[in-house]
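**Student:** What TrEMBL records for this protein is below:
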DOMAIN    B:1-62  domain 'HTH asnC-type'
REGION    B:137-168  region 'Disordered'
COMPBIAS  B:157-168  compositional bias 'Basic and acidic residues'
Number of protein chains: 2
Amino acid sequence: MEETDRAIVAALTADGRLSYTDLAEKVGLSVSAVHQRVRRLEQRGVIKGYAARVSFEALDLPLTAFVAIRPFDPSQPDDAPERLAHLPEIDSCYSVAGEDFYLLLVRVAGPADLERVLQEIRTAANVTTRTTVVLSTPYENRPPKISAEQPNRARSRAPEERAGSSAG
Amino acid sequence: MEETDRAIVAALTADGRLSYTDLAEKVGLSVSAVHQRVRRLEQRGVIKGYAARVSFEALDLPLTAFVAIRPFDPSQPDDAPERLAHLPEIDSCYSVAGEDFYLLLVRVAGPADLERVLQEIRTAANVTTRTTVVLSTPYENRPPKISAEQPNRARSRAPEERAGSSAG
DNA sequence: TGTGAAATGTACAGGGT
DNA sequence: ACCCTGTACATTTCACA
């Protein structure tokens, strides 16, 4: 991916409602060119969508917790993510290496709700849970790094290097 | 917060680029009214901003990991979040209950990068690390629940209930 | 809530590398 | 052939009453 595309993605992760006018100014392109590139990035799946970042406290979801789960019976087929997908309190589901099978991020209104959700998780996926309560969130979902494309020395080499071998 | 506001927030978490026209249609209000409400939600901090949802694989950040940290010397002042904030590989930082002090979510290009970031975390915050590699992500950052405001039985009770008991 | 002017989004056709 | 540019029109934003 080109550097201009990376600049566009970086700008849109920081502010997803940037106008094409501002975006064009930021990356030094015309409005039409930026518009085309954004559409291409969306089609290619690099940009998967847009979302409002909200205050979970204001939405009456002040309690966040990580829930590590592992199957009660490891011989059964492992389809926990699908079995749990219907629970709206689950924000994210990660399949992880290590002792646990999955790590869930859940957001609830309070301890009573957490207890209920944990029970629902256990019965829905037939798993045991180990819960870590989040006390505060210094920062979350920051814009990603987006470095300049790493040189990838295997495919494109500097001209001086090319002299040695044939292959073309 | 009113139900209409909740509907607005729910719609914008699902699609942050919804036009006010579409938004007004969804919640059954005039365009101007929706526009005003969104501005108020933004001012009140309920809506903190907007962001593009991106494919981290496409951005050359295919490796995600959770890094639990605890201080090497627990008697020192605990300012790990500030000390680590400059590392762009850290997506999120949660202060947690339990054995560990913080749980970090990091995104990197590969194992070599992860090793480098772990070393930087240890030296920058004077902590030990315990890392859990993410193998896959069935889902992540789903739109939150956004229920209709819960009745809050302590303050407003149904008429039938009021007869029987005193003081809860 | 409705109106209207200004800004923006979007498609189209032309031109440069 | 691809990508950038500029113009022209539909839509949206946003302040005001």
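For all residues, glycine too, the Cβ spot is worked out from N, Cα and C.
TrEMBL labels come from automatic prediction, so no person has curated them.
A quick note: this is a predicted structure, and the numbers were derived from the prediction, not measured.
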**Student:** DSSP-wise, what's the residue breakdown of the domain 'HTH asnC-type' (B:1-62) into helix, strand and coil?
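**Tutor:** Across the domain 'HTH asnC-type' (B:1-62), DSSP assigns the residues as follows: 33 helix, 8 strand, 21 coil.
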**Student:** Averaged across the domain 'HTH asnC-type' (B:1-62), what pLDDT does the model get? Just tell me the whole number, please.
**Tutor:** 94
